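If you check TrEMBL, you get these features:
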{"type": "DOMAIN", "residues": "1-237", "note": "domain 'Deacetylase sirtuin-type'"}
{"type": "ACT_SITE", "residues": "HIS102", "note": "active site, proton acceptor"}
{"type": "BINDING", "residues": "CYS110, CYS141, CYS144", "note": "Zn(2+) binding site"}
Amino acid sequence: MIVVFSGAGLSAESGIPTFRGAGGLWEGYKIEEVATPLGWMQNQKLVLDFYTQGFEKMQQCQPNAAHFAIAELANHFNVVCITQNIDTLLEKAGVKDVWHIHGRIDHEKCEWHFDIPPMYAQWQCNYKAQINKPVQWGDLCPKCGKHLRPDVVWFGEAVDMRVDDLYKIQSQVEVFIVVGTSAQVYPAANLLKFFQAVPTKYFIDPNPNYEVLDGFNVLEGKATEYLPALVESLKEELA
Ligand code: OAD
Ligand code: ZN
């Protein structure tokens, strides 16, 4: 089994800026205003504007050679594809069943129910749906009537790490590929520790985070430069 764990760098060459680079996705916006539950409570319109821009941008972008290489890998081997990206370029490239641990831009869900005491009711109804246009100001949940919001994980919110599934696969993983992430955002970055003992590990990034490279074969460069070639060599090695 092969695990591919990706971050914003995977989609950089498709035209989606990374978060922490210059001209990054947050530029012009304060993270706490557009990507926290408090920001949502204070200014829903601003948050929706930010994600509408993101939605439109991401819909226009096309997968790059690195996304297609991951799809090719998944055609040949048992691959678990875990991404922090909310774009759907891996799906567009043909990867089925991507684990979007930070949510995905093409889904909507129901907002938090701050007015309901947590001991009496769930804080969020479980409505979630695929969308082909961004959530608009005034769009209400068909199930409970609260406001809809993008299905993305904000700071301070729980990340769906699928821990049970991770423990099921941990001992079966032969190759772990990390691509395009600063590995600074937790709990996502814990995956590097979780798969520490995997025999063969690769880290592809033009500016890798040297603090997390223990045991990795470091391929210092862009995803499109290294991933297609790595996939071809794995196809030969593991055939
Ligand atoms: P970052 O913006 O923190 O890091 C992007 C990484 O991609 C950096 O290490 C870059 O060097 C690298 N990179 C840039 N161009 C690349 C290329 N062409 N090929 C390969 N790598 C390249 O993005 P993430 O690590 O994904 O979370 O950020 C993690 C999380 O922080 C995001 O999912 C988001 C953000 O807050 C949420 O929104 C919850
Ligand atoms: Zn609802």
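Cβ from N, Cα, C; glycine included.
DSSP assigns CYS144 (Zn(2+) binding site) to coil in the three-state reduction, outside any helix or strand.
Long-range Cβ neighbours of CYS141 (Zn(2+) binding site) (same chain, at least 6 residues apart, Cβ-Cβ under 8 Å): CYS110, GLU111, CYS125, TYR127, HIS147, LEU148. Most Cβ neighbours within 10 Å, among the binding-site residues CYS110, CYS144: CYS110 holds that distinction in the structure as shown. Annotation for HIS102 (active site, proton acceptor): same-chain Cβ neighbours under 8 Å, separated by at least 6 residues, are THR83, GLN84, ASN85, ILE86, VAL152, VAL153, VAL159, ALA188. Among the recorded positions listed (HIS102, CYS141, CYS144), HIS102 have a CB atom closer than 6 Å to some atom of ligand 1, in sequence order. According to its DSSP assignment, HIS102 (active site, proton acceptor) is coil.
According to its DSSP assignment, CYS110 (Zn(2+) binding site) is in a strand.
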